[in-house]
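The annotation domain 'K+ potassium transporter integral membrane' is assigned in TrEMBL to 19-398, 419-517. The annotation transmembrane segment is assigned in TrEMBL to 53-74, 140-159, 171-186, 198-218, 244-263, 275-295, 315-335, 425-448, 454-472, 484-503. According to TrEMBL, the feature domain 'K+ potassium transporter C-terminal' maps to 534-739.
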Amino acid sequence: MSNLPPSWKALEWSVILKLAFQSIGVVYGDIGTSPLFVFATVFPNGVKLEDDILGALSLIFYTITLIPLIKYVFIVLQANDNGDGGTFALYSLICRYSKVGLIPSQQPEDKDVSTFKLDLPDRRTRRASKLKSKLENSNFAKFFMLIATMLVLSAVGGLKAAAPSVFTEGRLIWIAVAILILLFMFQRFGTENVGNTFASILSLWFIFIAGIGIYNMVKYDPTVIRALNPKYIIDYFKRNKKNAWISLGGVVMSITGGEALFADVGHFSVLSIQISMCCVTYPALILAYLGQAAFLMKNIDDVADTFYKSIPHSLYWPVFIVAVLAAIIASQALISGTFSIIQQSLALGCFPRVKVVHTSAKHHGQVYIPEINNLLMLSCVIVTLTFRTTEKISNAYGKNFKEFPLFSYIYINVKQMSNTRQNHLLTGIAVVLVMVLTSCFLVLVMIMIWKTNILFVIIYVLIIGTVELIYLSSVLYKFDQGGYLPLAFALFLMCIMYVWNYVYRKKYHFELEHKISPLKVKETVDETNYHRLPGLAIFYSELVHGIPPIFKHYVDNVPALHSVLVFFSVKSLPINKVPVEERFLFRSVKPCDLYVFRCVVRYGYNDVHNEEESFERLLAERLKEYIQRGSMLSMNAAKSNRVLTEQNSNIELEIDSDIQEDVTFSRERDIKVVERAYSVGVVHFVGEQDVIASKGSGIAKRVVINYVYNFLKRNVRQSSKVFDIPHKHMLKVGMIYEL
């Protein structure tokens, strides 16, 4: 069921425990600081009956147990894609098993990649095949899955960029800006260093809240443990009816950040996340909520400030300092998750090209994206400086502040960085929406890939699926009461992703429809008015099948071709990594003496081009290896045919060396041609396509293609930067695509 990469399988316990410790500082900042506000958001108008406290506590306990613990830790984490998590990992698993991708770039050879193969059980294949067939034949299902994936990714990004309002009163505004800048500048040191630093603080935080919880239970009311009986949930709904349903929006606050357990698993490992959650985070949270409920049983009027009022007087300031630090770093889970999902969405063709930096040589999932980091930092600073006051921020998030003591008030502003009371409305919508969509994808994985017994699938849907839908209905009830800022940013990100993917697909289909046949290439090369120049020419294209139309445009204007031609395209497979030795896929355009090749370089969504290795030299070496393998296959095929002929003729003769000599001579000749071409020089032909909407297109299509997409295209990394193409060896071939 689990798809762990070899690197994770071989981890020693010392490494696993170290990763588990680091994950505390990266994954649990958001969910770990939720006890500060949960009871206040469940009871915004105060507590009427003591039994309501037990009902809310029971809801919180079973929500944390059912969603983050059982669903994510023990079920969803098993659906990782070779160690990587997040919605895109689920989507890639489904795309790998069934043809639900919207770009027809699949090749039979893709299944030969070692990391592409899925370990599938043989049972219950009929139901899985039926579902697979329905998905492959339904364009609506394909678009829905793509849009759902984009929605999840953009929702997380929207929450991060719209949650920056720290210390937003008076002179503290500049302290907030300084904290934000330092937080984002610290990201360049990598998840490992960030995790080590933040893990110590959050570990101390969990020790504090667990200890305070035990203290309050002993001091005020140890019998609150009876709230573990789900009967109190039923009684709570009987008494409060609609108000109880509405209060679920506050209960959701107890699991905000739970999705980070899956999204950030690529930075660590499945086992390390399971250890840190089961041994540290979960027990600390349950004890914290039990202690707060015990305190409220004797101090029912202090629900608005439950956390601070329940702190023992002698520990107030140490806890306050740690709380402020914990709240500042609570956004780390979303920052790390944002890096992971942006990196994954690049492979989907849903995001403009950005630079991805691997910050750890040991753990492939730990990445840093400078452009995204700077964009998030700039967005947070702008929002903080623009709104400035607490009241304006509150209106933007759709929730007004209560009155807090001075230092509590400062902390509340800090906590806003990580989806707290003031923005819980949109936070709840995004969190529950992500969880519901994750469950939908997970059910597909259960049926098609894991081939889980249908009874267990039904149980999962009836219990976890129903609970999540109830929570979603609750948080959607007050959707019209505010929270426009996170929503606006999420929609903005989603629009960018959709526009980029829409035009990306249009371009690919245009090239596919106008591709050049191998016969046309042969005719072009054979024509007497075309000269073969010494050297190696690489034509870049996104087209996987066939020769791109830009080749015809080039030869129509330049009557010269190099001695060796390689039509090069990069292809993203729905897997996290492609082994280097399996990355290059060559095909020769017949006849072989034309020295025209097609090359597809296959990357997983977590693969990064090695800038230290010469791309030109690597391509030439892989091409020679292909020629070497091709000659061996030709020799073996010829020997087989020769043996078959001799057996049919009843002639007992030994295979002479003519075949081997001919093949060896051909192989050495072809390799020398490639070596000579490479030594003369490599020329890179990069297509500079001007994309415009075709005549007769509607206004919306013209705006999307002619203005929005072209604006994005002018402001992102070009192919020459992605592959470090030297400018002195690069020629750009312009062509207009009417889509």
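Every residue gets a Cβ built from N, Cα and C, even glycine.
Keep in mind it's a predicted model, so treat the numbers as computed, not measured.
Here the transmembrane segment (275-295) has long-range neighbours at 16-17, 20-21, 23-24, 27-28, 31-32, 34-35, 38-39, 53-54, 56-57, 60-61, 64-65, 68-69, 73, 203, 206-207, 209-210, 212-217, 219-222, 224-225, 227, 254, 261, 302, 306-307, 309-310, meaning same-chain residues at least 6 beyond its ends whose C-beta is under 8 angstroms from one of its own.
A contact links the transmembrane segment (454-472) to the transmembrane segment (53-74), because at least 3 Cβ pairs that are 6 or more residues apart lie under 8 A.
Away from its own ends, the transmembrane segment (53-74) comes close to residues 31, 38-39, 42-43, 47, 224, 226-230, 232-233, 235-237, 239-240, 244, 247-248, 251-252, 254-255, 258-259, 261-262, 273-274, 277-278, 282, 285-286, 289-290, 293, 296-297, 300, 435, 439, 463-464, 467-468 of its chain (Cβ-Cβ under 8 Å, at least six residues beyond either end).
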